[in-house]
Every structure is written in structure tokens, then in C-alpha cells.
């Protein structure tokens, strides 16, 4: 079934409680590996916060340098954390389990010769370009990949937040790397006198670990950011590229593909708090 196929609306059958918490109000994958990876991500961000704040900026004797860099780093950190949480707790576009019943199919009002697909693993009516995730145990619309670092799939509804997460982590990492180098140079220039609240060995250890973390994550997230943009512009998900699937859908232009993910061009492209309005109606049989 294509996105342009006829849809028939009927009353919602309720919220599917699978992969949900807080009384079904929040999407949450209960995967121990993903939860550990997500917590580890938060701990790394907190470590960067600690070193940047208490090792490099607060001991700095230059108020303007201190204030400007503190504001910039905290903005990047806040947006990165917000993007991570939105990616993690946003339904990526899951199709309800077990909805491939005769009653549901009859409600679709299919035309003669029209074909629909059923997922044998979660027994759902499988939309075009949906793929089954073995971790989420659901079919996900326009699934790109499952990312353990956000403990969720990256799909139709949360790809924007994942792209912003990679962007802000990369920006945060590059800024932290700059501050590490600046602090180290300043300490060498002042012969380690009053350049840090900690002893020289402790300061060196803090800076080395933060520099290694920042460099590693900057490279990883910049590559992931570029990969995501390439997939969006080509209107082809990561799974579709990996499987080299033949495009059975009408591909959009690069500009329209970007708008489909981020919405109309505005400052909200950079905000993890705005959700692009869907341009197509989705029938209740596809809604969680």
C-alpha cells in the first residue's frame, strides 16, 4: 500500500500499550542494552559538563572568555540532551501489533487488485517502506536503523530529533576539545600556577579523558550527521540503502525530503521541541 492510496477513517481502537510506560503516555523501549547505552551517554555528557565547568572555565581569570564559552557550551549541552530525550521517548512510527485482522482489512475499503502486506513477525498491516525491528518488536514506518545509544529506532516521527542530537553532540564535542587545548596551553604557559583548582596530575588526567572523549564523539557524530543528511536528501533510508531495495515509491526532491523531516524552513529546524506537521493523513490502523 502506497502513501497515496485511499484511506478510510474509523474510530480509534485505543492506545497500544506495547513499548510504552507511564500508563501508556510515553514511548519507551524496555531493552536493557539500550537503557545501559542511554545512561552511559548521559554520564559522558555529565563528565564533559564537570570538566568544562570546574576544570577549564570557572578557574579562568578572564570573565568575558569565561562567560561567553560557558553560555555557548551550556546551550549545546542542553540542546543535545533535549534532542536525545526526544529521540528516545518519541514513537518512531510504530504500526500496532496484531492489527492484520479481517475486520481491519475490511475497513480499509481496498480497491480491486490493491495489495497490502502483512508482517509475519508482529502480525500487522505493513505500510509501504516499513521494516520490522527485532528490538522494538514492531514494524516502523520509514525505519532508518535501531540505535542503542538512544534506545530506540530512528524512523518517520523522530528522525529530526536524532539528526539534531548528532549535530549538537558534534558541536559540543568540538567546543570541549577547543577548551581542553586552551586550558592545557594556558597551564603550560603559567607553569601550572593558579590555572586550575586541582593538582597538575589530576588536571592533566581530566583534560586527557575529556579530549579523547570529545575527539571520538566529534568524529562519530559528524559522520552520522552527514550520513543522515545524505539519506534524507536521497529519500532513501539506511535500511533501504543497505538492502539496495528497488524504489517502488515516488522519490521526492532533496528540498522536499528535507521539509518532510524538518518541516517548513524556519528557526524550528534547529529546535528539538517542535515536531514537523505530517503532510499526509495516516489512518487509525497505522496509529499507535
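If you go along the chain as it appears here, the first residue is 1 and each next one adds 1.
Keep in mind that glycine also has a Cβ here, set from the backbone N, Cα and C atoms.
Positions annotated as transmembrane segment by TrEMBL: 35-57 (among others). Within the chain, the transmembrane segment (35-57) has long-range Cβ neighbours (under 8 A, six or more residues past its boundaries) at 66, 69-70, 73, 77, 80-81, 84, 88, 148-151, 172, 176, 179-180, 182-183, 196-198, 203, 206-207, 209-210, 213-214, 217.
According to TrEMBL, the transmembrane segment annotation covers 63-82 (among others). Long-range contacts of the transmembrane segment (63-82) within the same chain: residues 42, 45, 48-49, 52-53, 57, 164-165, 168-169, 171-172, 175-176, 179, 270, 272-273, each at least 6 residues beyond the stretch ends and with a Cβ under 8 Å from a Cβ of the stretch.
Averaged across the domain 'Palmitoyltransferase DHHC' (118-244), pLDDT for the predicted model comes to 90. According to TrEMBL, the feature domain 'Palmitoyltransferase DHHC' maps to 118-244.
Counting same-chain residues at least six beyond the ends of the transmembrane segment (161-186), those with a Cβ under 8 angstroms from any Cβ of the stretch are 45, 48, 51-52, 55-57, 69, 72-73, 76-77, 79-80, 83-84, 86-87, 90, 147, 150, 154, 195-196, 203-204, 207, 210-211, 213-215, 217-218, 221-222, 224-225, 228-229, 232, 261, 270-272. Annotated transmembrane segment per TrEMBL: 161-186 (among others), in sequence order.
Feature annotation from TrEMBL assigns transmembrane segment to 206-226 (among others).
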